[in-house]
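S.K.: TrEMBL feature annotations, pasted as is:
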{"type": "TRANSMEM", "residues": "B:12-34", "note": "transmembrane segment"}
{"type": "DOMAIN", "residues": "B:69-289", "note": "domain 'ABC transmembrane type-1'"}
{"type": "TRANSMEM", "residues": "B:73-95", "note": "transmembrane segment"}
{"type": "TRANSMEM", "residues": "B:107-126", "note": "transmembrane segment"}
{"type": "TRANSMEM", "residues": "B:146-171", "note": "transmembrane segment"}
{"type": "TRANSMEM", "residues": "B:207-230", "note": "transmembrane segment"}
{"type": "TRANSMEM", "residues": "B:269-289", "note": "transmembrane segment"}
């Protein structure tokens, strides 16, 4: 009994030490983003802020406000289209049997694992040819296309579990395949729609590679690129950089805190099997 | 599922344009990159003269690319071991029904929702040799002069500058393996553990005979997913360290981006990207084959 109790105490201690280590970078970010300009230079990063100030946030907002807006204009259409296309593709692969469908689906899925560097040069050339290079719409199209594998995988895994009888009952009632999809399948798809929506929202918000290659003009750059540029200039003080980092993190953090269940579900489906 | 022939044809017709677009953007573009990698297009003007494996040969001879490959191997190894061992450890703590479990889980997982750029900016300050963690050690009375990601020391081919990047990446991804393992542990029926304990199995024996066999396949999946992430690593190194002095924190992804879009060496960049693709494919293709084969009826 004594060993059992002491093992429990040990576990608590370790679990909370781990939690403190995980939160420690957050202390750095909050502490330094709240210091006034006058304090950043002289004060050590680790010493708690004495004079709380929002100067850093004010300046970060001036510098990054437009980019936050760009990021929202990017992630909202991408997430919505990913849900629509992902549901259609996922449904067909889950419930309509056609020749080679498994092999074709494997090729679809492989698209989410490739290093995007291997398609980057042709992508830039193509976007240039069709006139979308350097426009937010080009980035939107890119993210929708390369988001198709993961979105269809999530929907396929979910639809594969729907009982065939449910759909066949719809057919007996005289519905065609499209009708079954629309009237029977879509209404029960809400949980997966949320998972895909959240997944695409966070991964596109957090993307850097496509954004930095396809958007050169600062006025259309998403937040990750703007934050990197802001942090890359040595003259900018830490408080602004830390405030900027927090501002860039807040939308996805909020999604995680309030919709964590769906976020984790999306995360775990990244390992292919549902 | 039963489905009329006509309906099936319509479904395939709907699927076709979407798949066509995807396959052009994935496989068409890969083929295009492959072709570029065999040309002499190493200036701003496209030059499609074929030069065979010249770009690849030059890469494998270059200091920078050799360092990149070494860095990728070191980084992947440490990142995988830390995430798998640490993730299992955390999941096991949470599995033993601690109070405040959901708060702890939320804390372990939150870094995963951040962008690698945010992580990079943050940890660059933390490991900054002048004002970062060194100054914390100095405040505690130690003489801290370690250069962290600016250090050019190397131990048996391992660039110690990578430590900072490995810590930052593990901070972000430990929660992922934790969540995977926890999902697996939660799947073990309680009766199984209880009956083992009634038979006199202690905590260690339970762990060895019941828990480890169940988490083995999860460990395998985690290795694949994390492994392919670390082979592709780009954002974190770009934001946190850049290529570093003497390429101590350089990776193929960084090299590709720089040489292509900053140096206009398109053919060289394409060659790097194809090598990256091959590395990822070696890991992913057998995995996809084995998981999807189990699915087909």
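Each Cβ is built from the backbone N, Cα and C atoms, and glycine gets one as well.
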S.K.: Are there residues at least six beyond either end of the transmembrane segment (B:107-126) with Cβ under 8 Å to its Cβ atoms? List them, or say none.
M.R.: 90, 132-133, 149, 164, 167-169, 171-176, 178-179, 235-241
S.K.: Take the C-beta pairs under 8 A between the transmembrane segment (B:73-95) and each of B:12-34, B:146-171, B:207-230. Which stretch has the highest count?
M.R.: B:207-230
S.K.: For the transmembrane segment (B:12-34), could you work out the same-chain residues 6 or more beyond its ends whose Cβ comes under 8 Å from its Cβ atoms?
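M.R.: Same-chain contacts beyond the flanks: 270, 273-274, 277.
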